[in-house]
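> The structure follows.
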Amino acid sequence: MSTPYAKLPGWVEYGLIPLVNLLVAFAVAGLVVLLVGESPLEAAYHMINGAFGRGEYIGFTLYYATTFIFTGLAVAVAFHAGLFNIGGEGQAYVAGIGVALACLWLDRLMPWYVVFPIAILGAALFGAAWAFLPGWLQAKRGSHIVITTIMFNFIAASLMNYMLNRVMKPLGSMSLETRTFDAGGQLPKLDWLMAMFGLSVGTSPFNVTFLLALAAAFGVWVLIWRTKLGYEMRTMGHSPQAARYAGIKEARIIVITMMISGALAGMMALNPIMGETYRMQLDFVQGAGFVGIAVALMGRSHPAGIIPAAILFGVLYQGGAEIAFEMPSISRDMIVIIQGLVILFAGALEHMFRPAITRAVLAFSGRGRTDAAVKGA
Amino acid sequence: MGELAIELKGIDKSFGLVHANKDINLKVRKGTIHGIIGENGAGKSTLMSILYGFYQADRGEILVDGRAISIRDPNAAIAAGIGMVHQHFMLVENFTVLENVMLGAEDSWILNAGITKARAELKRLEKEYALEVDPDAVIEELPVGLQQRVEILKALYRKADILILDEPTGVLTPAEADHLFRILEQLKAQGKTVILITHKLREIMAITDEVSVMRRGEMVATRETDKTSVEELAELMVGRRVLLRVEKGAAHPGDVKLSVKNLTVRDGRGVTMVDDVSLDLRAGEIVGIAGVAGNGQSELLEAIAGIRRAVSGRVELNGRAIDVTGHADPAELRQRGLAHVPEDRHHVGLVLKFEESENAILGYHDDPKYRKGFILDVDAIRADAEEKIQKYDIRPPNARLKTANFSGGNQQKIVLAREMERGPDVLIIGQPTRGVDVGAIEFIHKRIIEMRDQGKAVLLVSVELDEIRALSDRILVMFAGRVVGERAPDASEGELGLLMAGVEGPKEAAQ
Ligand SMILES: Nc1ncnc2c1ncn2[C@@H]1O[C@H](COP(=O)(O)OP(=O)(O)OP(=O)(O)O)[C@@H](O)[C@H]1O
Ligand SMILES: [Mg+2]
């Protein structure tokens, strides 16, 4: 009896409750906007218009969502095995090397559709390698994965600083980035997809990585619910004792899970590097690894929940940028506060309204209010 | 007829398709001990959870002391004077007894005054009801019997007049159970009302004033305990005559299947739990290990099954060594014909959040018949699970239901079906019938004997001495980690009892 209250129908559990949480988050965010003397309605207008108002805006929203799908999936996979991978940020960052190497090597020789698969492999490999060590330390030495992955984020930042300063920067250049890739290192935009809805991508970097993200989401679903490895991961996540009893090799599962998680986080690097800037820049991850934690939390670690959650955060990013642009007294930091509120209400305080909603739903469907309940009190 | 402490009228409750309580009426008289029995999944826990405010009934009325009230949550139940001791304790492990008792019932934000008061109140309760516990002991260091007393104290501290106990004796040693019953008698003498759920009909006969029987969600009978018998109750529960005695022929032991030599196992804190144990288990025999819980039986089973590392010793399965002191691999042992029904089904034998069919393959999930290439063959897994559900009469017969939503006894059957249906050479079983109803006990016992008659070797650990005596061909008694004696199954209960208490052990055991 983990939840002492009644089991709710699916549309309440996965529809109504998240929606209420979200509305409350926006209401509180609106109060914050009021506090700095701006109109919440205007902010809401810019948020929605900025995210959906034009094909180009939608392109940006989905571009961000692509990134968050990867990092969200990364956190979710680890979570199913009972591991909390905070290191998505560092894994994605280091994976940039894999992507950049593939592009620098082949961009002038091959078309994008040859370079892309190799870059995917490079991203996955470097991301997995960066997650391997914390996984191995957890499995063999019992070093807590939360601590080690956080430390590895810092190490990744220093490593990348060094790489871009000393190794991967073209000679004579002043900025900390690789050279710009030629055609082979540039992913095509998804204008055909937008055109199907009568929209245009405009200048937005909405590119084929989005399709890869959707495929990855499906792949994660298969992995978790339809493979032996996924079965063993879930067993371990729910009950380490049962896993031992079943002969599941804990150390092996931890290491493999972390590597898959790292590979997924790593694939995020394709989106900005090959899809937007066509070069690797300092700090290209920009916190997407951490956003992944919130996305996985909101999406209940299920791919079908992660995709909408990632889109929501895409809206917050893109719409937020628009607010900051149109309403100068609302700074970027305010946008971060609003995002924080969403995480707080939709993730951390997820259960706050549950009892009340449960009661309301039961009363409405006429099941909770028994004769006794009416006569009582 | 005295006054009624509780009256339930027309209580009805469904979980989706499962109709757990059907139009239940129940009268519990004040100052009595009222037993509730019924098969696994009959709806006993559900009914009590409704009374305690964990679940809301779909229909029906609850009257406490003749007044209709609504019990929306456990706080409302406590306010109405109802306390509950759950089968799985709800204590904060690293708090002291006193802190646990006070938790949630503190008078103010400032604890000090409250602590003094609580301590005095606790003293009084302990005296009044023979509920001795050291208020400053930390919960995790107490044996289960004492932890249970803390649960009772918690309820009394909150001024409960009606106490519900859901299968309280399942985890207790016989001596602890006796003590519990003395406490319950004392409560009754003070005018409190007790509702007791148990599968042990002997306990019902010994302590209750009245007993109500549930079957498949319905309340089928209420009897005065004096005017009924174990046989009648068993028949009321199951709806047919139940064989309360186990029938089995003579054993025909064959080759040694499992041999244990000088096995020593220590627990996490370095305390020796199994001390130089040796035993042989032959094909076609059931060897029972009797002993008071906590004398090393659990650790012995775990070491043999490869889930707890031994310090020293040698174990052979079918003549080949098991690396019990190194990296024994439970998956490999399964392939070599060892099946293991663990004592703790909730944490070890099952993943409660899985659906039933997923648990039906736990440990055997590597079998190619559950896979198509890389992908799990969900249809094959479910079909397999449904077959076992049929064969073992697991209820409700739904392979996709979450395991946590099966009743305790049905969960046990899920584990037994999984381990027995493989036809292993050696079956080691811990507490096969803990929390299982009489009908299912009969079934499980039959299956165990069938396994033996097919030439399998069975090692059985149980704290139920009756069960050990009924099933075993040989009985080994463990005390303080050692095997202190071997007896035939017709040894008297008294003789075994003395051995179990370490009184008559061989000299080397008494060092
Ligand atoms: N939360 C739930 N969701 C769905 N079904 C449930 C839930 N809780 C109980 N059930 C079902 O309701 C029925 C009654 O269960 P209950 O736990 O009350 O049985 P019980 O009489 O206590 O059995 P046992 O003796 O095995 O403990 C069972 O079929 C069980 O599977
Ligand atoms: Mg029960």
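Every residue gets a Cβ built from N, Cα and C, even glycine.
Note that TrEMBL annotation is computational and uncurated.
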> Quick check on the annotations: TrEMBL lists transmembrane segment for one of A:330-349, A:350-369. Which range is it?
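So the range that TrEMBL calls transmembrane segment is A:330-349.
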> Quickly jot the same-chain residues contacting the transmembrane segment (A:12-37) by Cβ under 8 Å, restricted to those at least six beyond its ends, or write none.
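Contacts with the transmembrane segment (A:12-37): 43-44, 298, 300, 305, 312, 329-330, 334, 337-338, 341-342, 344-346, 349-350, 352-354, 357, 361.
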> Tell me if the transmembrane segment (A:280-299) touches the transmembrane segment (A:145-164). I count contact as 3 or more CB pairs below 8 A, with pairs 6 or more residues apart.
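Taking Cβ pairs at least 6 residues apart, the transmembrane segment (A:280-299) and the transmembrane segment (A:145-164) are in contact, with 3 or more under 8 Å.
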> Can you name the far-off residues of the same chain, 6+ from the ends of the transmembrane segment (A:306-324), with a Cβ under 8 Å from a Cβ of it?
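Residues 22, 43, 46-52, 57, 60-69, 72-73, 76, 214, 217, 291, 294-296, 298-299, 330-332, 334-335, 338-339, 342 contact the transmembrane segment (A:306-324) from elsewhere in the chain.
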> Which residues, given as numbers and ranges, are at least 6 beyond the ends of the transmembrane segment (A:206-225) yet have a Cβ under 8 Å from it?
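Same-chain contacts beyond the flanks: 58-60, 62-63, 65-66, 69-70, 73, 76-77, 80, 116, 120, 187-190, 194, 233-234, 260, 264, 267, 270-271, 274-276, 302-304, 306-307.
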